Amino acid sequence: MFWSHFSPNLGPGGWVTGVLLVALGLDFRAGLLAILVGNVVGALPVALAAAIGPPTGLTQMEASRRALGRLGVRPPAFLNWIYCVGWDAVNNVPAATALMAFLSIVAGASPPFWLALGVLALVQMAASIYGHDMVQALQKYLGAVLLLAFLVIGVQCVSLGGALPRAAHPPTLATMLLAIAILASFNLSWASYSSDYTRYLPADSDPKRVVGLALAGLLGSAVPFQTLGLLTAASIAEPSPTAVIASLQHAAGPLGPVVLAAIALSSVTGNSFNDNTASYSLISAGIHIPRVLAAIITALLGYGLAVAGAGRYAALYTDYLVVTMYWIAPWIGIVLADWYLGDRTAHPVPPGWTRGATIFIMTTVVTILLFSTSQLYTGPVARWLGGADIGYYVGFFVAALWYGHGAARGRRPVVRA
(Lines of atoms letter the chains of each structure in order from A; the text may use other names.)
(Lines give C-alpha, C1' and ligand atoms only; values in the text may rest on other atoms or scores of the structure.)
Protein backbone atom coordinates (compact mmCIF):
# COMPACT_ATOMS: atom_id res chain seq x y z
CA MET A 1 0.00 0.00 0.00
CA PHE A 2 2.73 2.47 0.99
CA TRP A 3 5.07 1.50 -1.84
CA SER A 4 2.30 1.78 -4.43
CA HIS A 5 1.98 5.48 -3.66
CA PHE A 6 5.66 6.08 -2.88
CA SER A 7 7.64 4.46 -5.69
CA PRO A 8 6.03 6.08 -8.76
CA ASN A 9 7.30 9.49 -7.59
CA LEU A 10 10.90 8.24 -7.38
CA GLY A 11 12.38 9.80 -10.49
CA PRO A 12 13.75 12.96 -12.05
CA GLY A 13 10.27 14.45 -12.44
CA GLY A 14 10.21 15.65 -8.83
CA TRP A 15 13.74 17.01 -9.15
CA VAL A 16 12.84 18.88 -12.35
CA THR A 17 9.75 20.30 -10.62
CA GLY A 18 11.92 21.71 -7.83
CA VAL A 19 14.22 23.31 -10.39
CA LEU A 20 11.19 24.77 -12.20
CA LEU A 21 10.32 26.76 -9.08
CA VAL A 22 13.56 28.72 -9.36
CA ALA A 23 12.96 29.21 -13.08
CA LEU A 24 9.59 30.74 -12.13
CA GLY A 25 11.41 33.27 -9.92
CA LEU A 26 10.89 31.79 -6.44
CA ASP A 27 13.56 31.99 -3.76
CA PHE A 28 14.24 29.14 -1.33
CA ARG A 29 11.68 30.14 1.32
CA ALA A 30 8.89 30.77 -1.18
CA GLY A 31 9.80 27.61 -3.06
CA LEU A 32 9.74 25.49 0.09
CA LEU A 33 6.37 26.96 1.10
CA ALA A 34 4.99 26.18 -2.36
CA ILE A 35 6.32 22.61 -2.12
CA LEU A 36 4.66 21.98 1.24
CA VAL A 37 1.33 23.58 0.38
CA GLY A 38 1.15 22.22 -3.16
CA ASN A 39 1.93 18.65 -2.19
CA VAL A 40 -0.58 18.53 0.65
CA VAL A 41 -3.27 20.03 -1.60
CA GLY A 42 -2.52 17.48 -4.31
CA ALA A 43 -1.91 14.40 -2.17
CA LEU A 44 -4.92 14.58 0.16
CA PRO A 45 -7.59 13.86 -2.50
CA VAL A 46 -5.50 10.94 -3.79
CA ALA A 47 -5.19 9.46 -0.31
CA LEU A 48 -8.91 9.88 0.33
CA ALA A 49 -9.66 8.17 -2.99
CA ALA A 50 -7.44 5.22 -2.02
CA ALA A 51 -9.89 4.33 0.76
CA ILE A 52 -12.60 3.65 -1.85
CA GLY A 53 -10.76 0.57 -3.12
CA PRO A 54 -11.13 -1.97 -0.27
CA PRO A 55 -14.92 -1.78 0.30
CA THR A 56 -15.77 -1.70 -3.43
CA GLY A 57 -13.07 -3.92 -4.92
CA LEU A 58 -13.06 -1.60 -7.96
CA THR A 59 -10.53 0.41 -9.93
CA GLN A 60 -10.83 4.17 -9.50
CA MET A 61 -12.61 4.75 -12.80
CA GLU A 62 -15.00 1.86 -12.23
CA ALA A 63 -15.72 3.11 -8.71
CA SER A 64 -16.63 6.54 -10.09
CA ARG A 65 -19.50 4.97 -12.06
CA ARG A 66 -21.63 5.14 -8.92
CA ALA A 67 -21.58 8.95 -9.25
CA LEU A 68 -21.37 9.30 -13.04
CA GLY A 69 -23.26 6.28 -14.33
CA ARG A 70 -22.21 3.55 -16.73
CA LEU A 71 -22.38 5.95 -19.68
CA GLY A 72 -21.29 9.09 -17.84
CA VAL A 73 -17.97 7.57 -16.77
CA ARG A 74 -16.85 7.17 -20.38
CA PRO A 75 -15.59 10.75 -20.98
CA PRO A 76 -13.29 10.88 -17.90
CA ALA A 77 -12.18 7.28 -18.49
CA PHE A 78 -11.16 8.08 -22.07
CA LEU A 79 -9.44 11.27 -20.91
CA ASN A 80 -7.59 9.20 -18.34
CA TRP A 81 -6.36 6.83 -21.03
CA ILE A 82 -5.01 9.79 -23.05
CA TYR A 83 -3.54 11.10 -19.83
CA CYS A 84 -1.69 7.82 -19.20
CA VAL A 85 -0.21 8.00 -22.70
CA GLY A 86 1.07 11.50 -21.94
CA TRP A 87 2.63 10.45 -18.64
CA ASP A 88 4.43 7.64 -20.43
CA ALA A 89 6.10 10.25 -22.61
CA VAL A 90 6.84 12.67 -19.75
CA ASN A 91 8.50 9.93 -17.67
CA ASN A 92 10.43 8.30 -20.49
CA VAL A 93 12.25 11.33 -21.92
CA PRO A 94 14.62 11.81 -18.93
CA ALA A 95 14.89 8.05 -18.40
CA ALA A 96 16.00 7.46 -21.99
CA THR A 97 18.49 10.34 -21.72
CA ALA A 98 19.95 8.74 -18.59
CA LEU A 99 20.11 5.30 -20.21
CA MET A 100 22.05 6.73 -23.16
CA ALA A 101 24.57 8.38 -20.83
CA PHE A 102 24.86 5.22 -18.71
CA LEU A 103 25.63 3.02 -21.71
CA SER A 104 28.16 5.51 -23.05
CA ILE A 105 30.09 5.11 -19.77
CA VAL A 106 29.85 1.37 -19.16
CA ALA A 107 29.81 0.19 -22.79
CA GLY A 108 31.67 3.00 -24.52
CA ALA A 109 28.82 3.61 -26.98
CA SER A 110 25.58 5.52 -26.70
CA PRO A 111 22.48 4.25 -28.53
CA PRO A 112 20.27 6.74 -30.35
CA PHE A 113 17.48 8.30 -28.32
CA TRP A 114 14.71 6.41 -30.12
CA LEU A 115 16.39 3.07 -29.36
CA ALA A 116 17.00 3.80 -25.67
CA LEU A 117 13.41 4.96 -25.39
CA GLY A 118 12.20 1.81 -27.12
CA VAL A 119 14.05 -0.47 -24.69
CA LEU A 120 12.46 1.26 -21.70
CA ALA A 121 9.00 1.20 -23.29
CA LEU A 122 9.30 -2.55 -23.91
CA VAL A 123 10.27 -3.26 -20.29
CA GLN A 124 7.39 -1.14 -18.98
CA MET A 125 4.95 -2.72 -21.40
CA ALA A 126 6.01 -6.22 -20.36
CA ALA A 127 5.49 -5.37 -16.68
CA SER A 128 2.01 -3.97 -17.32
CA ILE A 129 1.03 -6.99 -19.43
CA TYR A 130 1.58 -9.24 -16.41
CA GLY A 131 -0.89 -7.05 -14.54
CA HIS A 132 -1.58 -5.93 -11.01
CA ASP A 133 0.66 -8.34 -9.08
CA MET A 134 3.73 -7.63 -11.21
CA VAL A 135 3.19 -3.88 -10.98
CA GLN A 136 2.83 -4.08 -7.19
CA ALA A 137 6.00 -6.17 -6.89
CA LEU A 138 7.94 -3.63 -8.96
CA GLN A 139 6.78 -0.79 -6.72
CA LYS A 140 7.95 -2.61 -3.60
CA TYR A 141 11.28 -4.12 -4.61
CA LEU A 142 12.49 -1.79 -7.34
CA GLY A 143 11.18 1.12 -5.29
CA ALA A 144 13.39 0.11 -2.36
CA VAL A 145 16.45 -0.02 -4.62
CA LEU A 146 15.64 3.39 -6.11
CA LEU A 147 15.07 4.88 -2.66
CA LEU A 148 18.53 3.79 -1.53
CA ALA A 149 20.16 5.05 -4.72
CA PHE A 150 18.48 8.44 -4.59
CA LEU A 151 19.25 8.83 -0.87
CA VAL A 152 22.95 8.45 -1.67
CA ILE A 153 22.62 10.90 -4.57
CA GLY A 154 20.77 13.43 -2.42
CA VAL A 155 23.28 13.30 0.43
CA GLN A 156 26.13 13.70 -2.05
CA CYS A 157 24.52 16.71 -3.74
CA VAL A 158 23.64 18.49 -0.49
CA SER A 159 27.10 17.84 0.99
CA LEU A 160 28.68 19.75 -1.88
CA GLY A 161 26.83 22.84 -0.68
CA GLY A 162 26.01 25.79 -2.88
CA ALA A 163 24.08 29.01 -2.62
CA LEU A 164 20.40 28.86 -1.82
CA PRO A 165 18.21 30.23 -4.61
CA ARG A 166 17.41 33.92 -4.24
CA ALA A 167 15.00 36.17 -6.09
CA ALA A 168 15.40 39.86 -6.92
CA HIS A 169 11.76 40.54 -6.03
CA PRO A 170 9.14 38.75 -3.92
CA PRO A 171 7.04 36.38 -6.04
CA THR A 172 3.72 37.68 -7.27
CA LEU A 173 0.43 36.04 -6.34
CA ALA A 174 0.12 34.74 -9.90
CA THR A 175 3.56 33.12 -9.70
CA MET A 176 2.86 31.49 -6.34
CA LEU A 177 -0.49 30.15 -7.51
CA LEU A 178 1.09 28.75 -10.66
CA ALA A 179 3.88 27.13 -8.63
CA ILE A 180 1.41 25.60 -6.16
CA ALA A 181 -0.76 24.38 -9.03
CA ILE A 182 2.20 22.65 -10.70
CA LEU A 183 3.21 21.04 -7.41
CA ALA A 184 -0.36 20.03 -6.52
CA SER A 185 -0.85 18.45 -9.93
CA PHE A 186 2.32 16.39 -9.44
CA ASN A 187 0.50 14.36 -6.78
CA LEU A 188 -3.11 14.95 -7.82
CA SER A 189 -2.27 13.31 -11.13
CA TRP A 190 -2.38 9.95 -9.31
CA ALA A 191 -6.02 10.45 -8.25
CA SER A 192 -7.35 8.51 -11.22
CA TYR A 193 -5.13 5.53 -10.29
CA SER A 194 -5.45 5.42 -6.53
CA SER A 195 -7.92 2.62 -5.76
CA ASP A 196 -6.52 0.52 -8.64
CA TYR A 197 -3.87 -0.59 -6.16
CA THR A 198 -5.93 -0.78 -2.97
CA ARG A 199 -8.91 -2.74 -4.29
CA TYR A 200 -7.49 -6.13 -3.31
CA LEU A 201 -7.09 -5.15 0.34
CA PRO A 202 -9.62 -6.73 2.73
CA ALA A 203 -13.01 -5.05 2.51
CA ASP A 204 -12.90 -4.24 6.23
CA SER A 205 -9.52 -2.47 6.05
CA ASP A 206 -9.35 0.58 8.31
CA PRO A 207 -9.95 3.56 5.96
CA LYS A 208 -7.91 5.87 8.20
CA ARG A 209 -4.91 3.57 7.88
CA VAL A 210 -5.34 3.35 4.10
CA VAL A 211 -5.52 7.15 3.81
CA GLY A 212 -2.54 7.58 6.13
CA LEU A 213 -0.30 5.15 4.26
CA ALA A 214 -1.22 6.62 0.88
CA LEU A 215 -0.58 10.15 2.13
CA ALA A 216 2.74 9.14 3.68
CA GLY A 217 3.84 7.49 0.44
CA LEU A 218 2.98 10.47 -1.74
CA LEU A 219 4.44 13.14 0.53
CA GLY A 220 7.43 11.03 1.54
CA SER A 221 8.66 10.82 -2.04
CA ALA A 222 7.51 14.10 -3.62
CA VAL A 223 8.52 16.62 -0.94
CA PRO A 224 12.17 15.48 -0.49
CA PHE A 225 12.75 15.15 -4.25
CA GLN A 226 11.33 18.56 -5.05
CA THR A 227 13.27 20.13 -2.17
CA LEU A 228 16.49 18.61 -3.52
CA GLY A 229 15.65 20.12 -6.90
CA LEU A 230 15.16 23.48 -5.23
CA LEU A 231 18.48 23.18 -3.33
CA THR A 232 20.49 22.17 -6.39
CA ALA A 233 18.82 24.56 -8.86
CA ALA A 234 21.78 26.96 -8.76
CA SER A 235 24.03 24.31 -10.32
CA ILE A 236 21.54 23.38 -13.06
CA ALA A 237 21.53 25.41 -16.25
CA GLU A 238 17.86 24.91 -17.12
CA PRO A 239 14.83 22.89 -15.98
CA SER A 240 15.35 20.12 -18.52
CA PRO A 241 16.10 16.43 -18.00
CA THR A 242 19.46 16.74 -19.78
CA ALA A 243 20.61 19.57 -17.51
CA VAL A 244 19.31 17.90 -14.33
CA ILE A 245 20.89 14.55 -15.21
CA ALA A 246 24.23 16.17 -16.08
CA SER A 247 24.24 18.07 -12.79
CA LEU A 248 23.40 15.00 -10.71
CA GLN A 249 25.98 12.93 -12.54
CA HIS A 250 28.65 15.56 -11.90
CA ALA A 251 27.72 15.91 -8.21
CA ALA A 252 27.81 12.14 -7.70
CA GLY A 253 31.39 11.87 -8.99
CA PRO A 254 32.41 8.20 -9.14
CA LEU A 255 28.81 7.25 -8.36
CA GLY A 256 27.70 8.86 -11.63
CA PRO A 257 26.76 5.55 -13.27
CA VAL A 258 24.59 4.72 -10.25
CA VAL A 259 22.75 8.02 -10.74
CA LEU A 260 22.14 7.27 -14.40
CA ALA A 261 20.97 3.71 -13.75
CA ALA A 262 18.58 4.86 -11.02
CA ILE A 263 17.04 7.52 -13.26
CA ALA A 264 16.65 5.06 -16.13
CA LEU A 265 14.99 2.47 -13.87
CA SER A 266 12.72 5.03 -12.23
CA SER A 267 10.56 5.22 -15.34
CA VAL A 268 9.73 1.52 -14.99
CA THR A 269 7.91 2.03 -11.66
CA GLY A 270 5.89 4.99 -12.92
CA ASN A 271 5.06 3.80 -16.41
CA SER A 272 4.15 0.25 -15.45
CA PHE A 273 1.45 1.99 -13.38
CA ASN A 274 0.41 4.11 -16.35
CA ASP A 275 0.14 1.25 -18.82
CA ASN A 276 -1.75 -1.00 -16.41
CA THR A 277 -4.23 1.70 -15.40
CA ALA A 278 -4.64 2.73 -19.05
CA SER A 279 -5.93 -0.73 -19.90
CA TYR A 280 -8.54 -0.46 -17.13
CA SER A 281 -9.54 3.01 -18.34
CA LEU A 282 -10.19 1.90 -21.91
CA ILE A 283 -12.58 -0.76 -20.63
CA SER A 284 -14.37 1.83 -18.46
CA ALA A 285 -14.58 4.08 -21.52
CA GLY A 286 -16.58 1.39 -23.31
CA ILE A 287 -13.76 0.25 -25.59
CA HIS A 288 -13.75 -3.48 -24.96
CA ILE A 289 -10.42 -4.79 -26.17
CA PRO A 290 -8.17 -7.25 -24.31
CA ARG A 291 -6.28 -5.67 -21.42
CA VAL A 292 -2.94 -6.82 -22.86
CA LEU A 293 -3.67 -5.15 -26.20
CA ALA A 294 -4.69 -1.95 -24.40
CA ALA A 295 -1.38 -1.91 -22.51
CA ILE A 296 0.56 -2.42 -25.76
CA ILE A 297 -1.30 0.39 -27.54
CA THR A 298 -0.71 2.76 -24.62
CA ALA A 299 3.02 2.02 -24.52
CA LEU A 300 3.40 2.47 -28.28
CA LEU A 301 1.55 5.79 -28.33
CA GLY A 302 3.56 7.00 -25.33
CA TYR A 303 6.73 6.07 -27.19
CA GLY A 304 5.68 8.07 -30.24
CA LEU A 305 4.73 11.12 -28.17
CA ALA A 306 8.05 11.00 -26.30
CA VAL A 307 10.04 10.93 -29.54
CA ALA A 308 8.02 13.85 -30.90
CA GLY A 309 8.24 16.02 -27.77
CA ALA A 310 11.77 15.29 -26.57
CA GLY A 311 13.19 18.60 -27.83
CA ARG A 312 10.85 20.77 -25.75
CA TYR A 313 10.56 18.78 -22.55
CA ALA A 314 10.31 21.63 -20.03
CA ALA A 315 7.40 23.30 -21.85
CA LEU A 316 5.69 19.95 -22.46
CA TYR A 317 6.12 18.92 -18.82
CA THR A 318 4.82 22.19 -17.35
CA ASP A 319 1.84 22.50 -19.69
CA TYR A 320 0.97 18.83 -19.27
CA LEU A 321 0.96 19.00 -15.48
CA VAL A 322 -1.18 22.13 -15.52
CA VAL A 323 -3.67 21.14 -18.24
CA THR A 324 -4.45 17.71 -16.79
CA MET A 325 -5.70 19.32 -13.60
CA TYR A 326 -8.67 20.86 -15.43
CA TRP A 327 -10.53 17.56 -15.75
CA ILE A 328 -9.06 15.65 -12.82
CA ALA A 329 -9.97 18.30 -10.22
CA PRO A 330 -13.75 18.36 -10.84
CA TRP A 331 -13.88 14.61 -11.45
CA ILE A 332 -12.19 13.70 -8.17
CA GLY A 333 -14.24 16.37 -6.38
CA ILE A 334 -17.43 14.59 -7.48
CA VAL A 335 -16.06 11.13 -6.65
CA LEU A 336 -15.04 12.16 -3.13
CA ALA A 337 -18.29 14.04 -2.48
CA ASP A 338 -20.30 11.01 -3.59
CA TRP A 339 -18.34 8.68 -1.33
CA TYR A 340 -17.76 10.75 1.80
CA LEU A 341 -21.08 12.60 1.81
CA GLY A 342 -22.94 9.44 0.86
CA ASP A 343 -23.13 5.98 2.38
CA ARG A 344 -19.53 4.82 1.67
CA THR A 345 -20.65 1.47 0.32
CA ALA A 346 -20.70 -0.16 -3.10
CA HIS A 347 -24.07 -0.34 -4.80
CA PRO A 348 -25.59 -1.02 -8.24
CA VAL A 349 -24.30 1.32 -10.95
CA PRO A 350 -26.78 3.71 -12.61
CA PRO A 351 -27.14 2.48 -16.20
CA GLY A 352 -26.91 5.75 -18.12
CA TRP A 353 -25.83 9.37 -17.74
CA THR A 354 -26.28 10.84 -14.27
CA ARG A 355 -26.45 14.28 -12.75
CA GLY A 356 -22.85 13.80 -11.64
CA ALA A 357 -21.70 13.31 -15.23
CA THR A 358 -23.41 16.54 -16.27
CA ILE A 359 -21.76 18.41 -13.40
CA PHE A 360 -18.38 17.00 -14.43
CA ILE A 361 -18.70 18.14 -18.06
CA MET A 362 -20.11 21.58 -17.24
CA THR A 363 -17.59 22.35 -14.49
CA THR A 364 -14.63 21.22 -16.60
CA VAL A 365 -15.65 23.31 -19.61
CA VAL A 366 -16.47 26.44 -17.60
CA THR A 367 -13.25 26.37 -15.58
CA ILE A 368 -11.19 25.99 -18.75
CA LEU A 369 -13.01 28.85 -20.51
CA LEU A 370 -12.87 31.26 -17.55
CA PHE A 371 -9.84 30.39 -15.45
CA SER A 372 -7.22 28.55 -17.49
CA THR A 373 -3.72 29.84 -18.17
CA SER A 374 -1.57 28.16 -20.80
CA GLN A 375 0.42 28.90 -23.93
CA LEU A 376 -2.65 28.06 -25.99
CA TYR A 377 -5.34 30.01 -24.16
CA THR A 378 -5.82 32.33 -21.19
CA GLY A 379 -9.28 32.80 -19.72
CA PRO A 380 -10.74 36.22 -18.84
CA VAL A 381 -10.65 35.62 -15.07
CA ALA A 382 -7.02 34.49 -15.29
CA ARG A 383 -6.14 37.66 -17.24
CA TRP A 384 -7.94 39.78 -14.66
CA LEU A 385 -5.90 38.07 -11.91
CA GLY A 386 -2.65 38.82 -13.72
CA GLY A 387 -2.19 35.30 -15.07
CA ALA A 388 -2.99 33.48 -11.82
CA ASP A 389 -4.67 30.16 -12.51
CA ILE A 390 -7.20 29.18 -9.85
CA GLY A 391 -9.33 27.02 -12.14
CA TYR A 392 -8.25 23.77 -10.47
CA TYR A 393 -9.40 24.85 -7.04
CA VAL A 394 -12.62 26.34 -8.39
CA GLY A 395 -13.28 23.19 -10.42
CA PHE A 396 -12.71 20.88 -7.45
CA PHE A 397 -14.83 22.76 -4.93
CA VAL A 398 -17.62 23.81 -7.29
CA ALA A 399 -18.06 20.25 -8.60
CA ALA A 400 -17.85 18.72 -5.11
CA LEU A 401 -20.28 21.19 -3.52
CA TRP A 402 -22.69 21.14 -6.46
CA TYR A 403 -22.80 17.36 -6.46
CA GLY A 404 -22.80 17.06 -2.68
CA HIS A 405 -25.73 19.46 -2.35
CA GLY A 406 -28.03 16.96 -3.99
CA ALA A 407 -26.25 13.70 -3.14
CA ALA A 408 -28.43 10.92 -1.74
CA ARG A 409 -27.88 10.36 1.96
CA GLY A 410 -29.63 7.01 2.22
CA ARG A 411 -27.62 3.86 2.74
CA ARG A 412 -27.71 1.28 -0.05
CA PRO A 413 -26.97 -2.46 -0.03
CA VAL A 414 -23.36 -3.50 -0.53
CA VAL A 415 -22.53 -5.16 -3.84
CA ARG A 416 -18.98 -6.52 -3.81
CA ALA A 417 -17.23 -6.51 -7.20
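Backbone N, Cα and C define each Cβ position, glycine as well.
Quick look at what TrEMBL lists:
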- 6-26: transmembrane segment (TRANSMEM)
- 33-52: transmembrane segment (TRANSMEM)
- 142-164: transmembrane segment (TRANSMEM)
- 170-190: transmembrane segment (TRANSMEM)
- 210-231: transmembrane segment (TRANSMEM)
- 292-314: transmembrane segment (TRANSMEM)
- 320-341: transmembrane segment (TRANSMEM)
- 353-372: transmembrane segment (TRANSMEM)
- 384-403: transmembrane segment (TRANSMEM)
Which range out of 6-26, 170-190, 210-231, 320-341, 353-372 gives the transmembrane segment (384-403) the most CB pairs under 8 Å? 320-341
Other than its close neighbours in sequence, what residues sit by the transmembrane segment (210-231), given a CB gap under 8 Å and a spacing of at least six beyond its ends? 1-11, 14-22, 28, 31-32, 35-36, 39-40, 42-44, 46-48, 50-51, 53-54, 150, 154, 157-158, 162, 164-165, 183, 186-187, 190, 194, 198, 201, 244
Examine the transmembrane segment (33-52) against the transmembrane segment (353-372) and state whether at least 3 Cβ pairs sit under 8 A, considering only residue pairs 6 or more apart. no
Applying the under-8 angstroms CB criterion, which one of 170-190, 320-341, 353-372 scores highest with the transmembrane segment (6-26)? 170-190
Residues of the same chain, at least six outside the transmembrane segment (170-190), with any C-beta under 8 angstroms of its C-beta? 5, 8-9, 13-14, 17, 20-21, 24-27, 30-31, 34-35, 37-39, 41-43, 45-46, 83, 87, 218-219, 222, 226, 318, 321-322, 324-325, 328-329, 332, 373, 385-390, 392
